[in-house]
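*Asks:* Mind having a look at this structure? Questions to follow.
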Amino acid sequence: MSQISRQEYAGMYGPTTGDQIRLGDTDLYIEIEKDLRVLGDEVMYGGGKTLRDGMGSASQATSAEGVVDLVITNVTVVDALLGVVKADVGIKDGRIAGIGKAGNPNIMDGVTPGLVTGPGTDAISGEHLILTAGGIDAHVHLVTPQQVYAALSNGVTTLWGGGTGPTDSTNGVTITPGPWNIHNMMRSFENLPINIGLLGKGNSSGRAPLVEQIMAGVPSFKIHEDWGAPPAVIRSCLAVADEYDVQISIHTDTLNESGYIEDSIAAFEGRTIHTFHTEGAGGGHAPDIIKVAGQMNVLPASTTPTVPYGINSQSELYDMIMVCHNFNPKVPSDVAFVESRIRTETIAAEDVLLDEGVISMMQSDSQAMGRVGETWLRTVQLAGQMKNVRGKLAEDSDANDNFRVLRYVAKMTINPAITQGVSHVIGSVSPGKLADLVLWEPAFFGTKPKMVLKGGMIAWSIMGDPNASLPTPQPVYYRPMFGATGSQVAKNCVTFVSRAAHEAGVAEQLGLQRQVMPVYGCRNLTKRDMVRNDRTPKLEVDPETFAVKMDGVHATVPAAKNLPLSQLYFFS
């Protein structure tokens, strides 16, 4: 058998087992752990390549017989469950059909069942690309529909949030309150090319207002201090959530008016709850809300405003909080409230807790202190920055940063999917799941995806001048693709609802054309269910200095003066 050099092979088919890939301008390097293809029998599109009739394309195989609709060839998959692997990925009927070796089983060895390519197959050349699951941003203030396109431009394919547009309460709170608003927002998302799960208002010490929102369709609740978050509200909402199997996200009482952190933890009563901006600058018991990240029943997240901790974090946060929560800088009590939420010590500790897998998820907090188009960006930036200042994680080998990278990928993909009860549909590159996938050039990983697939169709992509002779001439920028146009939007996207609303026929009642799917398994989760992010250390906060200790050790990092994935990639 003839052989080629490793360098020549990589030039043709991309990296294989043992090869390393640098991510952007970070110092993060991933290494391919396993190659699921058959070397020497690769399937590849192009002139003189193997994906031709009778070669890699099975001549007589039909779509009805299982030929894949789309194959992504020779791609590097980076997935929190799968690891870092080289594979072909097949898509059939909008779902991931298989991950392994694609091709023509009549003449090729080792073709993975379900990955037969034939006349009905289209192809994306993934040889020099990275494939991830679409990002899930589970903290979105639905201030404007244009957020959808900003999110897609950073590789996010699912939004979980609340609001009704630029009302003052939506600017401050991620809540869509009451059946009328819930139904309006579900209809409004019909032609937006992204999955959506709405957060209902959990701020009620009574049962009936909560139940009517579940029956209207919300798959989850948000409790927010701006609407009142005392222990009675927490207990009431958790009781209804347990009954109907929906998740609760909480932003606790910054002022400690109705109780301290210990009172909120007591109100949880060991039940599953999801905490937003767990550090506290985004809101929550001052100064020690961060301690909840050590609780087994708490599924904690961070948001982009405080991550990574930088030299401008403190000054930027002041103005953010003033605007979002309807404060007046001329009122001393408002100023005191805002200042109580900004603590550089806890912000610095947050980076450490994210790096150690104590805080399990990353979210944007879109247009309410955070940036919806920077969730992947901030996540990968932080991973790179933490390697720079903290060194390699104990779990990583000397040769690569796979564990750290996969830990951070999990924060954006599988962990929010598990938390919101949708991991059976999205959140990983797994057979049977919706083909919501993102392709990245390694140099732009975390910053600017090459293309975004929704339900197996390219919905959003970098594209050049439509009047040019090629797809590449300037101006090159993100544009909607066919997966984001016409009635296909509804076919490719999902509106997530409560199981009770789904069984009651809410989709038919509202005339929804999108896929409508129920959430499952939200109420028996613990920190142990958070993939690669399941640590529950003892956390302490000094009430005077706000220094945070993790298992007795001061958790802190210096404020960043320079960050990877910043001005090399963006003008501002």
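Just so you know, glycine gets a Cβ as well, placed from its N, Cα and C.
TrEMBL does not curate its annotations; it predicts them automatically.
Relevant sequence annotations retrieved from TrEMBL are reproduced here:
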type	residues	note
ACT_SITE	HIS325	active site, proton donor
BINDING	LYS222, HIS251, HIS277	Ni(2+) 2 binding site
BINDING	HIS224	substrate binding site
DOMAIN	134-572	domain 'Urease'
MOD_RES	LYS222	N6-carboxylysine
*Asks:* If I restrict to non-local contacts, at least six residues apart, and a C-beta distance under 8 angstroms, what lies near the residue listed as 'substrate binding site' in its own chain?
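*Replies:* Within the chain, the residue listed as 'substrate binding site' has Cβ neighbours under 8 Å at GLY172, VAL173, THR174, ILE175, ASN203, ILE250, HIS251, GLY283.
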*Asks:* For LYS222 (Ni(2+) 2 binding site), what is the tally of other C-beta atoms lying within 10 angstroms of its C-beta?
*Replies:* 29
*Asks:* Whole-number Å distance between the CA of HIS277 (Ni(2+) 2 binding site) and the CA of the residue listed as 'active site, proton donor'?
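*Replies:* Rounded to the nearest whole number, the Cα-Cα distance is 15 Å.
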*Asks:* For the recorded Ni(2+) 2 site formed by LYS222, HIS251, HIS277, which further same-chain residues have Cβ atoms within 8 Å of the site's Cβ center?
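*Replies:* Sorted by sequence, the hits are HIS139, VAL173, THR174, ILE223, HIS224, SER249, ILE250, THR275, PHE276, GLY282, GLY283, GLY284.
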*Asks:* Looking at Cβ-Cβ distances, which residues of the chain lie under 8 angstroms from the residue listed as 'active site, proton donor' while being 6 or more apart from it?
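*Replies:* Within the chain, the residue listed as 'active site, proton donor' has Cβ neighbours under 8 Å at GLY172, ASP226, GLY283.
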*Asks:* Please name the residue among the binding-site residues HIS251, HIS277 whose C-beta has the most neighbouring C-beta atoms within 10 angstroms.
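*Replies:* Its Cβ has the most other Cβ atoms within 10 Å: HIS277.
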*Asks:* Mean pLDDT for the domain 'Urease' (134-572), as a whole number?
*Replies:* 95
